[in-house]
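What follows is a single structure, written as structure tokens, with notes after it.
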Amino acid sequence: MVTSESSDKAEKVAVTLEENIANGNIVEWSLPHDPENPLQWPRSRKIGTLLIVSTGGLISFLGSSMLSPAVDLVLADFHETNITLGVFAVSVYLLGLALGPLVLSGISEVYGRAIVFNVCNVLFLIFSIATAVPTSLGMLIAFRLLMGLAASAPVTVGGGTIADVFVPAERGRATSIYALGPIIGPVLAPIAGGYLAEAKGWRWVNWLTVILAGFLTILTFTCFRETYHPVLLERKTRRLRKETNNQSLESKLARKTTLGRAMRFALIRPLKMLFRSPVVLLPCLALALIIGYLFLLFSTMATVFQQQYGFSEGLSGLVYIGIGVGNLLGTYLFAISSDRAVKKASERGTLKPEVRLVPVSFGGPLVCIGFIWYGWTIHQRTHWILPIIGTGIFGVGVMAFVMPITTYLIDVWKWHAASAIGANNFSRSILGAVIPLVAFKLYDRLGLGWGNSLLAFISLITAPLPWLFTKYGEYLRTRFPLEL
């Protein structure tokens, strides 16, 4: 049985860096320093690795909403009038982001991070080209789904890479940088997409994605190095077998089962975590709801501001700046507070993963206030800056969920962090794809004021999460162990 506690023991082995070969034929990381151990890489290499996966996350999520300001142009080009179908052409990308991690996270925990990253980036480039040249709306939707599947690789391997490279006291800030891409990407994308669509047409929006995908592919092939400890130790073991002619050497982190069985376990692991472990399910559902709201705004704000204030496609892309500023502020606040809390708890000898979730207690109220503010100011057609301020408050609240929950999952699951993040991405991307589809029907029935207020009140169901996990988190981790 492999539980989160046994994962803690596995990480302790890597962090303490015991002698090179112990217990006869077991290969471990060398003492006092092993340059092959990602936890002991030079700081410059660690930061470089973090920036690569963060850039991948940014580009992946730029593709998610860059087309949103141009929905009307897409519908006009294909002679469609169904606005829900147009929104789906944007949000279907998130279905790909949801489904991809279910497979890719397991593969990365068998074959390593690099092969998943590199192969999927090539596919991302190919499908991006296909979305720039479709001859029908159905073709555009199909290729955006495939594009989302391929784009899920940086999101899938990112959390696992952070667990590979950074010790717990460093993970808060590292995760905040990594989390910025998937959050800021959909904010920046409509700004660029809006002006580009207005100037050159909606197809050039997708050609810009092609250029970015090409850059990412070259970057990862030339600069990204493998970080997954079991894969690296296995490579070291094979090298030592040749050098010593000792065929009995075995990696301490070697698989204890066949490759086929390991793959079967790996492929079902994310869903197994999501549906059988409360310490994955409950935080993932809370974050999924908030991300669903975020993509509701990404999918509707441009159209709403065009209708309420007469903004052009280009100008309407700028309305997302409020969310972006809120995200940046939230990232700064919660990254610093998270690592400080971990450091203090560690010094007191009371460190538990649940300390990461304390900022979530601020997230629910901020999301609620932000949505009510946005809804009623835009309903009353006050000055356009006021609803944007409301979305900024919402943006701070979003980061109170994203960064703490992501770091918590990484801390709890360690070597299986990619699967935990895969489960998280599955749930958040599903709601991120589905919730926007009901947005305009909700607004038509209740109006912008009451429609957004209803969403705000629903968000308050996340409020008890930090208290629940502070009080019962350790019990839940031990009461529901998983065979992984």
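Positions of Cβ are set from backbone N, Cα and C atoms, glycine also.
No curator has checked TrEMBL annotations; they are predicted automatically.
Keep in mind that this is a model prediction, so the values were computed, not measured.
Summarising model confidence by region, the domain 'Major facilitator superfamily (MFS) profile' (49-474) averages a pLDDT of 86. For 49-474, the entry in TrEMBL reads domain 'Major facilitator superfamily (MFS) profile'.
Nonlocal intrachain contacts for the transmembrane segment (50-71), taken as residues 6+ away from its ends with a CB within less than 8 angstroms of a stretch CB, comprise 83, 86-87, 89-90, 93-94, 97, 117, 121, 124, 128, 147-148, 151-155, 157-158, 161-162, 165-166, 174, 177-186, 188-190, 192-194, 197, 202, 205-206, 208-209, 212-213, 215-216, 219-220, 223-224, 295, 298-299, 302-303, 313-314, 316-317. Per TrEMBL, the feature transmembrane segment maps to 50-71 (among others).
Long-range contacts of the transmembrane segment (83-103) within its own chain (CB-CB distance under 8 A, at least 6 residues past either end) are made by residues 60, 63-65, 67-68, 71-72, 74-75, 120, 137, 140-141, 144-153, 155-156, 267, 270-271, 295, 299-300, 303, 421-423, 425-430, 432-434, 436-437, 439-441. Residues or ranges marked as transmembrane segment in TrEMBL: 83-103 (among others).
Positions annotated as transmembrane segment by TrEMBL: 115-135 (among others).
The transmembrane segment feature in TrEMBL is assigned to 141-165 (among others).
As annotated by TrEMBL, transmembrane segment applies to 177-198 (among others). With a threshold of 8 Å between CB atoms, the same-chain residues lying at least 6 positions outside the transmembrane segment (177-198) that come near it are 50-51, 53-70, 73, 154-155, 158-159, 162, 204-205, 208, 294-295, 298, 301-302, 312-318, 320-321, 323-324, 327-328, 331, 335, 398-399, 402-403, 406.
Long-range Cβ contacts of the transmembrane segment (204-224) within its own chain (Cβ-Cβ under 8 Å, at least 6 residues beyond either end) map to 48-49, 52-53, 55-56, 59, 62-63, 66-67, 70, 113-114, 117-118, 121-122, 124-125, 128-129, 131-132, 154, 192-193, 196-197. As annotated by TrEMBL, transmembrane segment applies to 204-224 (among others).
Tertiary proximity for the transmembrane segment (279-305) is limited to same-chain residues at least six positions away from its ends with a CB under 8 Å from its CB atoms, namely 4, 64-65, 68-69, 71-72, 83, 87, 90-91, 94, 183, 186-187, 190, 194, 273, 311, 313, 315-317, 319-320, 323, 357, 360, 363, 367, 371, 374, 378, 384, 391, 394, 397-398, 401-402, 405, 408-409, 412, 420, 423-424, 427-436, 439-440, 443, 448, 455, 458-459, 461-462, 465, 468-469, 473, 476-477, 480. What TrEMBL records for 279-305 (among others) is transmembrane segment.
If you look up TrEMBL, you'll see 317-336 (among others) marked as transmembrane segment.
What TrEMBL lists as transmembrane segment is 357-376 (among others). Packing against the transmembrane segment (357-376) from elsewhere in the chain are residues 283, 286, 290, 293, 297, 326, 333-334, 337-338, 341, 386-387, 389-401, 403-405, 408, 448-453, 455-457, 459-463, 465-467, 469-470, 473: each is 6 or more residues past its ends and has a CB under 8 Å from a CB in it.
Annotation comment: TrEMBL describes 388-413 (among others) as transmembrane segment. With a cut-off of 8 Å between Cβ atoms, the residues of this chain six or more beyond the transmembrane segment (388-413) that come close are 4, 7, 159-160, 162-163, 168, 171-172, 175-176, 178-179, 182-183, 273, 279-280, 283-284, 286-287, 290-291, 293-294, 297, 301, 319-327, 329-331, 333-335, 338, 353-354, 356-360, 362-375, 377, 419-421, 424, 462, 477.
Long-range contacts of the transmembrane segment (449-469) within the same chain: residues 279, 282-283, 286, 289-290, 293, 296, 354, 357-361, 363-365, 367-372, 374-376, 379-380, 401, 442-443, 476, each at least 6 residues beyond the stretch ends and with a Cβ under 8 Å from a Cβ of the stretch. Positions annotated as transmembrane segment by TrEMBL: 449-469 (among others).
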